[in-house]
Amino acid sequence: MLYKGDTLYLDWLEDGIAELVFDAPGSVNKLDTATVASLGEAIGVLEQQSDLKGLLLRSNKAAFIVGADITEFLSLFLVPEEQLSQWLHFANSVFNRLEDLPVPTIAAVNGYALGGGCECVLATDYRLATPDLRIGLPETKLGIMPGFGGSVRMPRMLGADSALEIIAAGKDVGADQALKIGLVDGVVKAEKLVEGAMAILRQAINGDLDWKAKRQPKLEPLKLSKIEATMSFTIAKGMVAQTAGKHYPAPITAVKTIEAAARFGREEALNLENKSFVPLAHTNEARALVGIFLNDQYVKGKAKKLTKDVETPKQAAVLGAGIMGGGIAYQSAWKGVPVVMKDINDKSLTLGMTEAAKLLNKQLERGKIDGLKLAGVISTIHPTLDYAGFDRVDIVVEAVVENPKVKKAVLAETEQKVRPDTVLASNTSTIPISELANALERPENFCGMHFFNPVHRMPLVEIIRGEKSSDETIAKVVAWASKMGKTPIVVNDCPGFFVNRVLFPYFAGFSQLLRDGADFRKIDKVMEKQFGWPMGPAYLLDVVGIDTAHHAQAVMAAGFPQRMQKDYRDAIDALFDANRFGQKNGLGFWRYKEDSKGKPKKEEDAAVDDLLAEVSQPKRDFSEEEIIARMMIPMVNEVVRCLEEGIIATPAEADMALVYGLGFPPFHGGAFRWLDTLGSAKYLDMAQQYQHLGPLYEVPEGLRNKARHNEPYYPPVEPARPVGDLKTA
């Protein structure tokens, strides 16, 4: 053994060939700060071996290296710029020394090689991969850019266009694509990986392969003519501006850095990468996006822990077809759980099956599946007008009309048709679960399961624990949601649960602004372009359905009369009374017509201004700051109340529910991350300016306490240690 650390070791293989093996405790390898330091020590040992002829890098895990240790990022991002720059220089010196070894090197790459894992293999001369490879640089999705030489080596290896596509979008690619663009040199079966890598290494040692020529382009300026450079970088900047926009500085910074570094050799180019990385790491956007990643891991880990002793349902059923029922049935069948779809109406069943078939056909068009797979999936959805097959199902989700009487009747009838251990769930969006449970003989087997529309796209499923829901019931429903590829978050019961409970105060803020003379077009523009929501409130209401919102608003007002009962006729009432229900009937805040692809396209409609004039004061202008404050304060206050009342368990789960369920702008990180970034005291000052607007603007006592003591909602993070203090792994 030449070297042994906690996460990697170095040993001789044969004839002067050494192997460096990543083998961290646990299930995956990560390139954390200690592992980078260890790698440096191992390379130091190699540099002393006069009889070294070649080096093989490999992993003892199912994945090569999944990336840097993102749990370290928040503490690294807190250190002063100079200290972070020193750490990057240190890490890059390690990869440079790997690249500069006076012998040929090869990485045998299996599974994931992402972020730092990808940057590590870019420093070797050759790369051989297995068919399950996923390789790429996802850093821009975390608000940063590659920092271990990825933005320098990849363009010089692949050419600017292919590298920009991966780096700017934060993409990873599979084995076939990686081979096609030159990111790997070959793909072999897993059992042949080491043998194949050794064969390439021997050819390089024997002089049959010119490894020095292979290495050289990575050390030199990017080979690109002036015209080619102008075209590549102009197109890339245009694409980034269109897709990422101003709220995500990392992609455009990465493109500009690659452009600026193109004319330099490795050392100068790495210095430019360092200078660009450090300021990005100190942005609020990077902290928020890293926070989302960590919260996502936390939420998924919680679901995994909850379901460790529970069997995933093998057969499911959906009550109520139509678009929503068809979407749920498709998602379940697509992920391998056969489903019975029941409705009392043949037309609705046809609609549900058509929806499932449409979604599968889209997968076929994209080349994700073939005709055989499509037929196989659709054959596991069984439409029925009766309860045939319900005696075999493990779980049933009810998705009928949002009416408590109808839901209670359907659930009570279904309970008589299923096994005593079958779990029942309701896809209600607002009706308290404990109220629906009153109709059941086995309320412990019942809970809420709130999907978001469109089901196949929206990652969140709210799992609602009723007063009598058992732990086993919750675990089974969480297991099914996870199997469906969704992110389940368990919340406690109340009107609107978590997501709708916090959404309707936001809509109330919108209604009050309109009442006071604001223009809905400006509000939408500000909330989309400035705050960063995917849709402004008017457009969102049109998509949700004005009739749906009108009904839900009444349910919420009954549930929380002190805050949510209004004493005036608002814009939602006016549009509802005029039969303007949004996209579903082509008339809402806008008029809708189908475009060439059959998607609704919004157009101005002067008639809506006349309708709104009946419920509004004369038009006046509001500043962007006031619009954002008046829209967001009611929502954030309600989010805080939900945490204080135990409706949602943690700030992490609240923020993920907002991002995955409502499209809360990821670069803000969620309501609690936004609050922490703004500071509770500053938020309190802002909110107090609007408390005259009513109870929705009154800041909860818990938040006032946070402001008084200057406490964040997320646990404080300690800055990382200086480079000199690093311990090896």
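Note that Cβ sites are derived from N, Cα and C of the backbone, with glycine treated the same way.
The model shown is predicted, which means the values in this text are computed figures rather than measured ones.
Cross-referencing 246-267, 708-729 with Swiss-Prot places the feature region 'Disordered' at 708-729. Site annotation for substrate in Swiss-Prot covers Asn500, Tyr660, and the matching candidate from Asp296, Asp309, Asp343 is Asp296.
For the NAD(+) site, Swiss-Prot lists Asp343, Val400, Val401, Glu402, Lys407, Ser429, Asn453; matching the candidates Met324, Met353 against that entry yields Met324. Counted within 10 Å of its Cβ, the other Cβ atoms near Met324 (NAD(+) binding site) come to 21, all protein chains included. Distance between Cα atoms for Asp343 (NAD(+) binding site) and Asn500 (substrate binding site): 26 Å, as a whole number. In the shown protein chains, 17 other C-beta atoms lie within 10 A of the C-beta of Asp296 (substrate binding site). Within 10 Å of its Cβ, the residue among the binding-site residues Val400, Val401 with the fewest other Cβ atoms is Val401. Of the candidate recorded positions, Glu139, Ser429, Asn453, the one lying closest to Asp296 (substrate binding site) when CA atoms are compared is Glu139.
DSSP assigns His450 (active site, for 3-hydroxyacyl-CoA dehydrogenase activity) to a strand. Taking every protein chain shown into account, Glu139, Asp343 are the recorded positions, and of these the Cβ with the most other Cβ atoms within 10 Å belongs to Glu139. When the alpha carbons of Ser429 (NAD(+) binding site) and Glu139 (site 'Important for catalytic activity') are compared, the span between them is 36 angstrom.
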